Amino acid sequence: MKAYLALISAAVIGLAACSQEPAAPAAEATPAGEAPASEAPAAEAAPADAAEAPAAGNCAATVESNDNMQFNTKDIQVSKACKEFTITLKHTGTQPKASMGHNLVIAKAEDMDGVFKDGVGAADTDYVKPDDARVVAHTKLIGGGEESSLTLDPAKLADGDYKFACTFPGHGALMNGKVTLVD
């Protein structure tokens, strides 16, 4: 019954969010330490592929989320050469986390459905079941204008297909992507 009520609540929140004025299209994910393309000097060219958050030889990436239940990337590339890799999640919207909160949770692709189901009842722990062994890493739940980071060991991604998603109820169907281990 709790899951049913949670799903109804998520649907109501999703419908309310969808009725909002659409935001501008999301910019590409920016590696940490670099200015977004819109802030870069005119002489610098923006990367051509906005579909992935590249590791680009460094050990950090930034993923943006918004009030339209979107991440600005569908692929986070993690370099095998890194001892640690940090992903910063930025919520570029304005709505509070109670109505349009986002997190970024990494798990094996085959485990993600279970992570979602167990997360629905875990509002007090940012919609992530406490001590869930299936979760490689996750950020805290954030609202508009906030950010949160996670740090992981890339070696944990060596044995399988991994995904990232927002586990706020109703968001995972739209807010998800692949985590790719690269050379």
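Keep in mind that glycine also has a Cβ here, set from the backbone N, Cα and C atoms.
Record check: Swiss-Prot places Cys166, His171, Met175 at the Cu cation site, and the matching candidate among His102, His138 is His102. In Swiss-Prot, the feature S-diacylglycerol cysteine is attached to one residue out of Cys18, Cys59, namely Cys18. Over the domain 'Plastocyanin-like' (57-183) the predicted model carries a mean pLDDT of 97. For the binding-site residues given as His102, His171, the lowest number of other CB atoms within 10 Å of the residue's CB is seen at His171.
In sequence order, Ser65, Met69, Gln70, Phe71, His102, Ala165, Cys166 are the residues near Met175 (Cu cation binding site), counting only same-chain partners six or more apart with C-beta under 8 A.
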